[in-house]
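To start, the structure under review is shown below, and the notes come after it.
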Amino acid sequence: MLACHPAKMLSFNRLISDGDLVIVYEKHDSMKAVTVCEGSVLQNRFGVFKHSDWIGKPFGSKVFSSKGGFVHLLAPTPELWTMVLNHRTQILYIADISFVIMYLEVVPGCVVLESGTGSGSLTTSLARAVAPSGHVNTFDFHEQRAESARADFERTGLSSLVTVKVRDIQGEGFPDDFSGMADSVFLDLPQPWLAIPSAAKVLRNDGTFCSFSPCIEQVQRTCETLRTHFTDIRTFEILLRTYEVRQEKMQSSREDGNDSNGSLPSKRRQCSDGSYVLGSCPSISSVMARPCGEARGHTGYLTFARVKCVS
Amino acid sequence: MSESNSSSSRVTWEGCSVLLDINDGDRLVFARLSPAAKLKIGNKNCSLQPLIGRAFGTVFQVDTAPNGPYLSPAQVNVNNAEEIGDGQGNNEMDKVNVNNAAQARDGEVNVESRDNRALVDNNTAQSLTGEDIEAMRRQGARGNEIIEALIANSATFEKKTSFSQEKYRLKKQKKYAPKVLMRRPVARSICEAYFKKYPSKIGFLRVDTLSLLLSMANVSSNSDILVVDMVGGLLTGAVAERLGGTGFVCNSYFGQAPYSMDIVRIFNLSDEICKRILRSPISDLLPKESPEQVLEHDVCNVESQSNDQTSALASMDEISHSSENGISDIGIENTEPAIEIRKAPKAGERPQKEIIDSWRENGFSSLIVAAPELDAWTLVRDLLPLLANSAPFAIYHQYLQPLATCMHNLQLEKMAIGLQISEPWLREYQVLPSRTHPCMQMSAFGGYILSGTKICNSTANSSSNRTVLL
């Protein structure tokens with residue numbers, strides 16, 4: 001997924017080969033991760049796609065099924081991965097992920113500790129941020145989930161950057177050998193306050209901390225506990241509003257005495273063949289944008305803090 | 001501190017760039033540490049020498065000595081027993097915080113019974129006069145002693161609710177015992193400081209929006225990121241920080257004059273990282289056979305931009321006597337790179353021919369644009385072909401319409417998929433026992449982003465299934 005290995009770097013000359021992980025893009029909310037395997041096929045509502053047809057094509061290609069339907073084959077990125085991964089738990093999405101990495105000041109070379117691993121959505125982006133020389137140590141108390149996460153990181157080519165361990169961080173804290181070693185700690189736990197003393201111990205001076213909690217009561221207790229060892233405690237909520245764009249024709253109210261038709265924007269939508277159903281009245285065409293009608297209303301609260309500096 | 005790990009160092013060194021946060025964000029100053037550098041705090045001129053060799057995150061306070069005021073680290077109080085320092089006197093500042101916390105906890109148990117019915121604003125509550133305070137000062141009283149005296153002599157302090165007592169203390173602390181917090185200048189702190197004090201200099205790019213641009217464009221080590229940065233270099237610096245001395249960030253521009261990237265110098269980027277920041281006119285990047293038709297892009301805008309440069313990045317704060325005092329207002333820079341007095345990193349060289357050739361051959365790994373003054377669609381139309389197939393891109397703009405047009409055209413031309421315009425919404429919370437709520441003031445707008453993935457330009461477009469390219 002990352003360009004750590006020159007062979008994996010995106011390029012005009014990089015062609016899809018047997019064993020590559022590709023993201024099969026149908027439309028923006030319908031994608032699938034597929035590992036290319038000579039002799040294998042992908043079947044979806046557009047028909048049957050032979051993997052052998054994909055091999056040798058550049059990433060970003062449009063490929064066709066036996067029925068003539070098509071999909072695009074994209075190179076995986078952490079953002080695309082977040083949209084296709086198996087949900088073993090509730091996951092973090094792009095807005096929270098991006099903000100967490102920026103606010104934790106994660107840069108190449110950093111050592112980051114995370115608990116729990118969950119479905120590995122954030123972990124994937126953390127790995128990208130610490131590459132090539134840093135490391136993400138992620139802990140989950142669920143053995144099977146840790147194993148699946150490990151398999152995912154293997155598949156996405158991140159296993160050299162991520163170590164998954166089975167451990168109950170709330171109960172046991174982070175392992176002692178990380179004392180003073182971590183640049184950042186991220187917690188997504190039901191009772192994060194239980195792990196805070198341990199987080200303070202593993203963080204370097206001025207190290208950064210973040211806890212993600214869906215409920216304000218969790219935030220309340222987290223902040224109270226943080227005040228002992230941490231400073232610069234701030235809580236945020238981040239959401240993403242998306243927009244839809246379309247070209248619409250609006251009737252002019254001025255000309256041709258068509259005023260009686262009213263001057264409201266035409267409700268007529270673009271037809272499947274691209275043309276518009278319109279009367280004979282003069283109209284003005286323009287590209288317009290509006291927020292999408294539905295959106296995620298809440299993901300969680302992000303509480304950040306910094307270890308008090310003992311100089 | 002060795003230069004090579006400067007960007008990750010947690011301790012300051014001479015020549016290092018720092019962000020000074022005075023009184024919790026009241027003033028934000030970028031400074032470069034040198035023995036001669038001075039900073040005016042209140043009416044006192046303090047040398048920045050004591051800040052050298054200290055850990056980032058240290059809080060300083062102004063102390064008085066026979067030879068004038070100086071900055072000394074405020075004792076940090078860590079509440080667990082084994083880590084309490086040998087509390088010698090100068091931790092009053094932190095007592096304020098402890099008091100606050102204690103009061104806050106009280107507030108939770110017994111709900112505040114006092115209110116403001118007995119308070120009358122007739123300016124007689126304080127019996128200490130200005131002369132009294134001056135006299136205390138002359139006798140060497142510390143800021144916190146003055147605050148205690150003010151409280152003791154306030155007729156109304158006891159009648160105030162614990163919340164307004166806390167506010168009172170904070171107000172007096174800012175005046176009589178200012179705090180200076182020394183922060184690491186990284187993408188987050190630099191963006192926040194500019195957004196708070198001079199948002200127009202960074203095109204109103206909020207920190208969460210910047211973070212999204214970096215994600216959406218898959219900025220990762222060993223990639224070659226094409227950037228159009230008309231936000232003072234903030235974007236270029238943030239990308240370089242994420243590349244960590246691998247790959248390249250190509251800061252590209254139309255016309256002859258590169259856009260200002262003064263903000264890059266505020267980051268403590270190591271030489272290794274700076275070498276990865278290259279500047280190139282876009283005409284050099286285009287395939288050779290294509291004429292320089294792109295140059296039609298607003299040369300006039302470029303000019304207006306460079307006129308702006310000197311004033312644009314005038315220091316983050318009214319640093320009173322800048323250069324002769326040795327506080328380099330990092331913001332101010334002349335366009336000629338020749339005027340590099342200090343050992344500042346040399347970012348922004350012209351790329352060598354081999355590098356340009358490799359970009360032509362392989363394509364860039366992604367594109368990020370933050371150019372409020374350029375037309376988004378024509379820009380993207382020209383630059384997208386320079387990206388490798390399947391490369392993601394992210395275009396920032398503070399207005400929606402240019403991005404809507406750009407997205408529409410990209411759809412019509414079938415140049416990209418996964419197109420989306422998004423706008424982050426960021427709300428901060430006050431979290432206190434029994435007093436948790438969203439902050440009263442918030443930034444209502446952080447800008448729009450158009451993101452997507454470039455697809456192969458296949459000529460065979462005849463397709464039977466009518467999947468909408470969105």
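Any Cβ shown, glycine's included, is placed from N, Cα and C.
According to TrEMBL:
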type    : residues                                                             : note
BINDING : A:Ser119, A:Gly120, A:Ser121, A:Leu122, A:Asp140, A:Asp168, A:Asp188 : S-adenosyl-L-methionine binding site
REGION  : A:249-271                                                            : region 'Disordered'
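Summary for the binding-site residues A:Asp140, A:Asp168, A:Asp188: the Cβ-based neighbour count within 10 Å is maximal at A:Asp140. Listed in sequence order, A:Ile91, A:Leu92, A:Asp96, A:Ile97, A:Val100, A:Glu114, A:Phe186, A:Asp188 are the same-chain residues six or more apart from A:Leu122 (S-adenosyl-L-methionine binding site) with CB atoms under 8 A from its CB. Around the Cβ of A:Gly120 (S-adenosyl-L-methionine binding site), a 10 Å sphere holds 33 further Cβ atoms from the protein chains shown.
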